[in-house]
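To start, the structure under review is shown below, and the notes come after it.
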Amino acid sequence: MVLIRVLANLLILQLSYAQKSSELVIGGDECNINEHPFLVLVYYDDYQCGGTLINEEWVLTAAHCNGENMEIYLGMHSKKVPNKDRRRRVPKEKFFCDSSKTYTKWNKDIMLIRLDRPVRKSAHIAPLSLPSSPPSVGSVCRVMGWGTITSPQVTLPDVPRCANINLLDYEVCRAAYPELPATSRTLCAGILEGGKDSCGGDSGGPLICNGQFQGIVSWGGDPCAQPHEPGLYTNVFDHLDWIKGFIAGNTDVTCPP
């Protein structure tokens, strides 16, 4: 069984201005409060995703995180303890690979969000640069988010978790998930022996390999973190022209085939 890494109706998030559901990474440790100034929480209806701030006005996340009543929280660490840098934004515009907003588990699971207002850099808000080179199999990658830390049961920590996983050959994921096509614009990442993985609620968050933003959490095995069932991540590098085109105002730009 496979899992789109979104969870719903899990926990009421205690905020001074909203109440939403919440979740975290399997097998990880608590992220350092200073290591994720680019990490955002994306809430819509009763669902949660992650996302990545790529400049003061734009967030990159997964297409399957699209929904109504979307709210985006930046500068957050603890869900229970507010800090002075925390900011709330809503989408001004949302862009997908095509106008029908279609995607599959192995293609076009990417969404670019323009915020209603830019955010200023601070101690806990800063963008993550887009990658300057393609990802390399064997790289050590960092995944992070507020997703469930147990699976299939749900356990919800207060702060984001971070875990190191490996970028694997795409054929490893094809062996685990026979429905995958021969080629895909997704990355395969995880730990072959299991125990560490992104999971429900982490969708849309970043996969950072050798310090570069290479992937977007998309989907994987259910339960999460099982041996020989890595996660799938949208390949950011393959979509650079599309991302940069929209940010520059070129709405005619198209996603790679």
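Glycine too: its Cβ is placed from the backbone N, Cα and C atoms.
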Tell me which of Cys199, Cys255 Swiss-Prot records as disulfide-bonded to Cys224. Cys199
Swiss-Prot pairs Cys255 with one of Cys97, Cys141, Cys162 in a disulfide bond, so which one is it? Cys97
In Swiss-Prot's disulfide listing, Cys209 is paired with one of Cys141, Cys162, Cys173. Which one? Cys141
Look at the recorded positions His64, Cys97, Cys162, Cys224 and tell me which residue has the greatest number of other C-beta atoms within 10 angstroms of its C-beta. Cys224
So which of the disulfide-bonded residues is most packed in, judged by how many other Cβ atoms lie within 10 Å of its Cβ, out of Cys65, Cys141, Cys173, Cys255? Cys65
What's the CA to CA span in angstrom from Cys97 (disulfide bond) over to Asp109 (active site, charge relay system)? 8
For a quick check of understanding: among the disulfide-bonded residues Cys31, Cys49, Cys188, Cys209, which residue's Cβ has the most other Cβ atoms within 10 Å? Cys49
